[in-house]
Amino acid sequence: MSGRDNRAAGAGGGSGGGGGGGGGGGNHHHHHQPLSNAMGKLKEKLTRAGEELGYHRVESNLSASNTATSLDTILPEDPFPFPQAAPQRHPQQQFPFLQQQPQQQQQPQQQQQPQQQQQLQQHHTQHTQYQQQQQQQQPLRLLHDIDDEQPLSFRPLLEDDDIHEPPQEIQQQQLQQQRGNLRASGSLELTPLPPPPTSLEPHRDRQQRSVVNEELQRSKQSLKGSRVSFERAPQQSNSNNNSKNNSKTTVAADASDDDSFEDRRVGYQQQKATSVDHKGILKDLRHILASDNRRQFQAKKHVSLDIKGTPFLQDLLKDSSSEEEFHKTRREFQGRKHQSLDPRVTFKLDKVLHGSSTDSDEEGEDAEHKRLIHRPKDITKPVIIDLKDLESESDEDFLSSRQNFQQQRSISTDSRKSRRLYEMDEMGNKRGENIRHAVPFVRQITEDGKPKLEVYRPTTNPIYIWTQVLAALSVSLGSLVVGFSSAYTSPALVSMTDRNLTSFDVSTEDASWVGGIMPLAGLAGGIAGGPLIEYLGRRNTILATAVPFIISWLLIACAVNVPMVLSGRFLAGFCVGIASLSLPVYLGETVQPEVRGTLGLLPTAFGNIGILLCFIAGTYMDWSMLAFLGGALPVPFLILMFLIPETPRWYVSRGREERARKALVWLRGVEADVEPELKGLMRSQADADRQATHNTMLELLKRSNLKPLSISLGLMFFQQLSGINAVIFYTVQIFKDAGSTLDGNVCTIIVGTVNFIATFIGILLIDRAGRKILLYVSNIAMILTLFVLGGFFYCKANGMDVSNVGLLPLCCFVVYILGFSLGFGPIPWLMMGEILPAKIRGSAASVATAFNWTCTFVVTKSFLDMIKLIGAHGAFWLFGVICCIGMFFVIFCVPETQGKTLEDIERKMMGRVRRMSSVANIKPLSFNM
């Protein structure tokens, strides 16, 4: 029967159930005359055909349908997932004596005729008895129906961030009280309920029903936008009621299957998805994305995900005057959204997960497990990404943070003991397992919104350190040669200008050019090194400098005149310029981020070893023998360079994917999974190729590339204008002018030793303290010592007695070298290989290196002239003022690159926006809309 037929039968045959099957219409003939006429014709036809029993069966079905009410006639379609109504009893279950009737009707007509009258009388008697029994047990049957078909109950509604249970209906309480009294008495003699509505009661017409439906619709519309869940009230078993045991056995089994954990969780996700998109805005996001209007998409998405009444964000986004303000507003909203989606406010997971069939007995007895389920706020806290505090706006950090937040919220909906969220907090105790744990990437916030704890990224691959150390050691031997070449002039010029030790005459001007030509040649080498590392590769370019180094030192050692010495110094300076450019680039592209700072400082440390070696050897050797020693140093450097591979990034830039994979396997270890890193390199290279132009100079002048290039140039400028090379080149002369009682060569050895020790201290601290902290310490140390040195030379120039503080210059030099070697010595070269974008890394590094050697040449060449012009005190004070300016440059311009991948650094430096595909996938939880 349809819903309309049910209503007709319920109105027309209301008294038929109590009065028997004779007159189905009763007193309602004036309301349902067509039904009465049809029933009369049907009775006439069946009686004439000898099938009066069939008429009784039809009339009984109509009587049974009086109490059958479909859910569709009460509540129309609604997007909320209502539970299904209890299954209706089949008429044959109410009339068991009619179940065999179809077989009897299939018998031949001639066999049925002799028994027909007897069967009619027997069935008529049974039917009359059944109707009388049905009338007596009608109140009990109605109560059973109420108990079986439990009324729908609304889940708790959100009101001012609190959860309140709606009050129970008075009628429902009365029914529960009556049921309790019946069960307590255990008697079947029950007081009959009032009969069904009769014709004296006004019939509810279509208009009245439509009014009720409209009220229901309005009430449901008011519920939209809130997190509402519909479920049945808890089932109450009645073991004393034997009349319903057989009918409820199958229903209870089905209910246990339907109430399984997975079904509850899926239903919970569907309800959550429906409640989140309460304004229906997500359906037009595809059209918005097609028009590439990112701000409009963000505004729409935020409003659609806003469930706590913060529509003011849309106006904030419209009023954003700049991109930075827009990002700030969006980050603030993310925090609000994550807090609004926090289970401690919007979910009551204990009710959703109550009665889960997958929970074991062991879990049920676990007090901690129960506490976590019944108090979701103890399971998780909202996790937001404070990109400003972390100094990172990279796509990778954002996605990683979002995935971590989604994972935590997903686990909070899962009551299974094996993946409880509170066990994830033990990650903080495993920080010692790997250096990677020292990289903070998200912060948990407390209820007041202030950062309190740090969460650490779990390790994915073990750091296979030995191959990376071998690679760093191989290229660092080249830096040893560079340091030896830089310090050569300080001890060599003393013996070279001695006519007794030299077969040719060296004037003061020639000596000035011997010391100053190498920085000038380094400028040329830095310019040429950029294209070389792009076309030949990083490793091949470094390898190509070994043989010219040997030739340059042989030219100096075998020189018979000044031009041969200058030629050898120029060739050595050219190789120094190329090596100083390519060494940090190679290490930056081969070493993992966790140890890039430590291994990245090895070239600087070996360079200082070369300086110290040159100072010590210069004490016992003349300039010619010292040059032969310098020619022997590139030999082990040449041998070790054949053992290491090219950088994977350069292979990817040339389309050699298989060679890049082999290089990564060699660097990371055979057991390491290199595919994610390789895919990241290929994706980064693809992005660089899309944005690259054929004109290299135009690439350098792009706004997105100017920022990292300017930072690199600024670091190089303040490194050289701090006066370090002037101090190194003229250490002996400075100590003579200061009137020190120590031998000049001894002072030089002391300075070199301090430089070497300070560099290794920096190696230990750079991946723990960070780049900027070391730059701050370095600046402060240099500023103090330069001003003190200036004061010392000022007092000496004005005739004051400084003999009592004769060791002051040495102490100041030691502190100055210590501060420089901690920060401004190695970090500018290290950060040059980190912050420059991949597509311009070669050309930009060439410009930065050339600029560095230009500053070196200017400072070295003009230092003696500067002393003559403004005095030694004026020169040191000038360097101190420049270091003060450098401090502000570091504070406001230099980013922190500690623990970040090159891709993360590049995205932040270039200010690259997030891809629309990744933005579109940002949802509160990973469910299907």
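Cβ coordinates come from backbone N, Cα and C, glycine included.
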Arg539 / Arg683 share membrane side in Swiss-Prot: yes
From the candidates Asn241, Asn245, Asn500, the one which Swiss-Prot records as N-linked glycosylation site: Asn500
In contact by Cβ distance (the transmembrane segment (874-894), the transmembrane segment (773-793); 3 or more pairs under 8 Å): yes
Same-chain residues at least 6 beyond the ends of the transmembrane segment (874-894) whose Cβ lies under 8 Å from its Cβ atoms: 710-711, 714-715, 718, 721-723, 726, 771-772, 775-776, 779-780, 782-783, 786-787, 789-790, 793, 824, 831, 863, 866-867
Candidate ranges 463-483, 597-617, 805-825 - greatest C-beta contact count to the transmembrane segment (542-562) (under 8 angstroms): 463-483
Beyond the flanks of the transmembrane segment (709-729) by 6 or more, those residues with Cβ under 8 Å of it: 486-487, 489-490, 515, 519, 611, 700, 751, 782, 786, 813, 816-817, 820, 824-825, 827-828, 831-832, 835-836, 840, 844-845, 847-848, 851-852, 855-856, 858-860, 863, 875-876, 879, 882-883, 885-886, 889, 893-895, 909
Close approaches to the topological domain 'Cytoplasmic' (826-839) from elsewhere in its chain (Cβ under 8 angstroms; 6 or more beyond its ends): 580, 583-589, 596-597, 600-601, 603-605, 649, 653, 684-685, 688-689, 691-692, 699, 704-705, 708-709, 711-712, 715-716, 719, 759, 762, 766, 771, 774-775, 778, 845, 848-849, 852, 894-895, 897, 902, 905-906, 909-910
Result, the transmembrane segment (597-617) in contact with the transmembrane segment (625-645) (3+ CB pairs under 8 Å): yes
Summary of DSSP states over the topological domain 'Cytoplasmic' (591-596), given as helix, strand and coil counts: 4 helix, 0 strand, 2 coil
Stretch-level contact, the transmembrane segment (570-590) and the transmembrane segment (463-483), CB cutoff 8 A, at least 3 pairs: yes
Range from 597-617, 805-825, 840-860 with most C-beta pairs under 8 A to the transmembrane segment (513-533): 840-860
